[in-house]
């Protein structure tokens, strides 16, 4: 089969004659119909390339084989799933391939009315937003009984941002977001209560006023010095918690001792060690896998009843051969408020 793998000289290369993965108990083999790109796909190959390992995290396809113990799915089912490419522990894990393996518990059935190109955009957003909001080192919010408390999502128009907005609404919180004014309507369509222009030099202070100096929780989906400073300005005088999706700037982290600041690696949802160098490595976190099992079962239900929807997508043609162009666009910051999606087969 064809697959996009880590090249020995860096970046990705298109490989032919890659062997199909061997199924493990509790896993499903899928004929991939569409894949979505994420900033993670560019960063991981640039900073932690694993030559010969499959790339990609998000795919949708048709189940062609089930492993021992699988009960939720059968051959012929349409599913989407999250996996994590560039995995030194399992080079056959990844989405950028004609046949991909996923675990039963981190996969969802696709509703009849949803296309593969729409569905493939959801897996990583579900995993990342869920961990960031409801687990440690995330914000550890309750999944029920938010009682209208405001939670700030910095980067509300990102794929993780729009999923987080929806999760917050379901859990009973009030999502407050930052975004470009051109994306206000988008964020509001996902459930944002109010949007603030992150370009404004008084953005953080304005949010603090709007939230009555009581804001306690911030999810930063952008993560740079300016967004972290803005988030710290927004959190009320009693302090709170800040979680980011990237390593956080230490020159801002300790400017307020009443704020607990941390960041997470979404691959920890697998429950196995994240074998990356330095701060990007993570020990095994079985509790994240247990949460992921619970979350993806809920997400399947929410998707079926219309409680959540996918982020806007941009469909690009060319299949696996063209993915590297999309990765370059992500590197250059040319993709805003949408996910790039590539159909692989009819």
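Each residue, glycine too, has its Cβ placed from N, Cα and C.
What Swiss-Prot annotates here:
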- 40-43, 157-160, 180-183, 198, 245-246, 335-336: NADP(+) binding site (BINDING)
- 124, 125, 126, 127, 128, 129, 130, 131, 266, 267, 268, 269, 270: substrate binding site (BINDING)
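What Swiss-Prot annotates, mapped onto the structure for a quick look.
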residue : record                 : contacts (Cβ under 8 Å, 6+ apart)
40      : NADP(+) binding site   : 57, 124, 266
126     : substrate binding site : 82, 163, 295, 296, 299
128     : substrate binding site : 160, 163, 245, 264, 266
159     : NADP(+) binding site   : 38, 121, 124, 125, 311, 339
181     : NADP(+) binding site   : 195, 197
198     : NADP(+) binding site   : 154, 155, 178, 179, 180, 222, 226, 227, 230
268     : substrate binding site : 131, 274, 282, 285, 288
335     : NADP(+) binding site   : 37, 314, 326, 329
Seminar exercise, completed: Whole-number Å distance separating the Cα atoms of residue 270 (substrate binding site) and residue 43 (NADP(+) binding site) is 19
For this session: Find the longest CA to CA distance in the recorded substrate-binding set 124, 125, 126, 127, 128, 129, 130, 131, 266, 267, 268, 269, 270; express it in Å as a whole number.
Result: 15
Exercise. Looking only at 124, 266, 270, which of these binding-site residues has the biggest number of Cβ atoms within 10 Å around its Cβ?
Worked result: 124
For this session: Check each residue in the chain of residue 130 (substrate binding site) that is at least six apart in sequence and keep those whose C-beta is under 8 Å from its C-beta; list them in sequence order.
Result: 167, 269, 291, 292, 295
Seminar exercise, completed: Counting across all protein chains, other CB atoms within 10 angstroms of the CB of residue 43 (NADP(+) binding site) number 15
